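Per TrEMBL, the features are as follows:
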- 26-41: transmembrane segment (TRANSMEM)
- Glu188: active site, proton donor (ACT_SITE)
- Asp320: active site (ACT_SITE)
- Cys385-Cys417: disulfide bond (DISULFID)
- Glu431: active site, proton donor (ACT_SITE)
- Glu453: active site (ACT_SITE)
- Thr537: Ca(2+) binding site (BINDING)
- 551-579: region 'Disordered' (REGION)
Amino acid sequence: MARSRSSSTVRRYINPAYYLKRPKRLALLFIVFVFATFFFWDRQTLLRDHEEEISKLKEEVIHLRNLLEELKNGGDMSVEKKKYSGEGGQAVKNLDSPDNILDAQRREKVKDAMLHAWSSYEKYAWGHDELQPQTKNGVDSFGGLGATLIDSLDTLYIMGLDEQFQRARKWVANSLDFNKNYDASVFETTIRVVGGLLSTYDLSGDKLFLDKAQDIADRLLPAWNTESGIPYNIINLAHGNPHNPGWTGGDSILADSGTEQLEFIALSQRTGDRKYQQKVENVILELNRTFPDDGLLPIYINPHKGTTSYSAITFGAMGDSFYEYLLKVWIQGNRTAAVSHYRKMWETSMKGLVSLVRRTTPSSFAYLGEKMGSSINDKMDELACFAPGMLALGSSGYSPDEAQKFLSLAEELAWTCYNFYQSTPTKLAGENYFFNDGQDMSVGTSWNILRPETVESLFYLWRLTGNKTYQEWGWNIFQAFEKNSRVESGYVGLKDVNTGVKDNMMQSFFLAETLKYLYLLFSPSSVIPLDEWVFNTEAHPIKIVTRNDWAVSSGSSGGSQESDRQLRTRKEGRFRVHH
C-alpha cells in the first residue's frame with residue numbers, strides 16, 4: 001500500500017491539471033524553471049569563453065614554439081616575430097594609435113587606387129594584356145595571355161577585393177588559353193604569368209592556378225634545351241621553337257636566363273615533378289663553374305658554350321634580377337645547406353657591387369656605376385633601385401658588423417633613389433640618371449613608366465628597420481603618381497618627367513608591384529610576413545619551403561613529398577588588414 005500511495009503522489013505532481021487548479025504553485029514552478037535556465041546558460045557561456053581562451057593560448061604557444069625552433073636552427077627573428085617580445089623592451093604599439101590610424105588611411109587610399117586601375121582595366125581591356133587608358137582600349141603586349149589580369153590576382157587577394165578576384169578567377173578558368181602562335185619572352189612570361197599563378201595558388205589554395213602554372217611552364221621548358229643548359233630567351237608558345245633576339249648577336253641575356261629559379265623550383269615543390277627545378281638550377285651550376293672573383297657577370301652569355309661575352313656589367317637593365325634571385329632562392333629554401341651555394345655566390349657578387357659604388361659631389365649621393373671592361377660609366381638605372389631592398393634583405397645573413405655595413409649602404413642608396421623622384425618637377429623619377437662632378441644627378445632617359453623598384457626598397461627597409469621615414473617617402477611617391485599619372489580611365493606613365501606629358505599605357509606591373517608594395521608599406525608586418533614568404537621579381541609572394549634533399553647537386557630523388565608536406569603545414573588563409 002505504501003508503494004501504491006507513493007506512486008499516486010508522483011503522478012499527481014506531474015499532472016498539469018494539478019497546477020492549473022493551484023496558480024501559486026504554477027508561478028513558483030515557472031520561477032524555478034527560469035532560474036534553472038539562466039544558471040545553465042551562464043555556465044555554458046562561461047565554458048565556451050573558457051574554451052575560446054584556451055584555444056587562443058594554444059595557438060600562441062604553438063606559434064612561439066615554432067619561433068623558438070627556427071631560432072634554434074639559426075633563423076633570424078623578423079619584425080613579425082619581434083612583436084611578441086617587443087623591441088628594446090617596448091610594448092607593441094596599440095592598433096588604435098595615431099600612427100596606425102594614419103597607416104590605415106593611407107592603405108585605403110592605395111586600395112582605392114588599385115580599384116580605379118582595376119575597374120578601368122575591367123571596363124576597357126578585359127582579358128587583354130594591358131590597358132591604354134587615354135584611348136580606352138586593350139592591347140596584347142604579351143601575346144594575349146591576360147598579363148594585367150594574372151599579374152593582379154594576388155594583389156586583389158591580399159587587398160581583400162573578393163568580388164574582383166572571383167571575376168578574374170572565372171576568366172582564368174574559362175578563357176585563359178596558352179596555345180598561341182606567339183614568340184614569348186621566357187623571362188617575362190615566367191615572372192608575370194607563372195609567378196602570378198603560383199602566388200595565387202599559395203595564397204588561395206585553389207588548384208586551378210597551379211594547373212595553369214604547370215601548363216604554361218611546360219610550354220617554356222624547351223627553351224632550356226641547349227648544350228650548356230643556359231636557356232634561349234624567346235619561345236613560341238604553340239610550337240615550342242626557342243631562339244634569342246637578333247639584337248643580342250645570338251647570345252642569351254643574364255637576367256633573362258637567371259631569373260626563373262624561384263618560380264620553377266616552387267612549381268617542382270608543389271607538383272612533385274623535379275624537371276622544372278632541374279632545368280633552372282643547372283643554369284646556376286653552370287654559371288658557378290666559372291664564377292668570377294668579384295661575382296659580376298656581363299649581361300650577354302653564349303647559350304652553347306655557357307661563356308660570357310664582352311658586354312656591360314650592371315645592376316640595371318638585363319643584369320639586375322640575376323643577383324636578386326641568388327639571394328632569394330637561398331631565402332626560399334629557408335637558408336639550409338641545400339641552397340648555401342646561392343648565398344655564397346650572392347655574397348661574392350656583393351663584393352663586386354661594393355666596387356661599383358661611387359658618390360657624387362657636392363651632396364655625396366651614393367650610386368651604382370656600370371662597368372664596361374675596366375672602366376666605370378657614371379650612370380644608374382632606376383631599375384637598379386631594387387638593390388637597396390636586396391641589400392637590406394640579405395644583410396641578416398652576415399656577421400653583425402658586416403650586416404650593419406650593408407644595411408648602411410642600402411640606406412644610402414635608397415636616399416639616392418628617393419632623390420631620383422624629388423629632383424624632377426613632377427616628383428617622379430626618370431628611367432636613368434647620369435652623375436657629373438659638381439651637379440650630383442641629372443635625368444638621362446626622361447620617361448617614367450610607373451616602375452616599382454624604389455617603392456620596393458622602401459618597403460623592405462621599413463619592414464627591416466622600423467624607420468617610418470621610409471613610409472613617408474613612399475607616401476610622397478604615391479601622391480606624385482596620383483597627381484601626374486591618374487587619369488579618368490586608369491593610370492599612365494609620363495613621356496617626360498620634366499614636362500609631365502603623359503603616355504598611353506598602364507603597365508601590368510603597376511598593379512602587380514607598385515601598388516602592392518605601397519599597400520604593404522602601410523600594412524602591419526603580419527601581412528605577408530618575410531619569414532614565411534619571398535617575393536619574386538614581379539612582387540608575387542611565394543611560400544618559403546625548407547629545402548633539405550632537393551638540391552640538384554645532391555642527386556637525391558625523394559624530396560617532393562616531404563617538401564609538399566612542409567608547404568601545406570604552414571599557416572594558411574588570407575592575409576587581411578582589419579579596420
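In case you wondered, yes, glycine gets a Cβ from its N, Cα and C as well.
Curation plays no part in TrEMBL annotations; they are all automatic predictions.
The recorded positions recorded for this entry are Cys385, Cys417, Glu431, Thr537, and the Cα of Thr537 lies nearest to that of Glu188 (active site, proton donor). Every protein chain considered, the tally of other Cβ atoms within 10 Å of the Cβ of Thr537 (Ca(2+) binding site) stands at 25. The Cα of Glu453 (active site) lies closest to that of Cys385, out of the recorded positions Asp320, Cys385, Cys417, Glu431, Thr537.
Rounded to a whole value, the Cα-Cα separation of the residue listed as 'Ca(2+) binding site' and Asp320 (active site) is 10 Å. Here Glu431 (active site, proton donor) comes close to Asp381, Glu382, Gly444, Thr445, Ser446, Trp447, Asn448, Ile449: these same-chain residues lie at least six apart in sequence, with C-beta atoms under 8 angstroms from its C-beta. Shown are the active-site residues Glu188, Asp320, Glu453; of these, the residue with the fewest other Cβ atoms within 10 Å is Glu188. Listed in sequence order, the residues of the same chain lying 6 or more apart from Cys385 (disulfide bond) and placing their CB within less than 8 Å of its CB are Leu413, Ala414, Cys417, Phe420, Ala429, Glu453, Thr454, Glu456, Ser457. There are 30 other CB atoms within 10 A of the CB of Cys417 (disulfide bond), with all protein chains counted.
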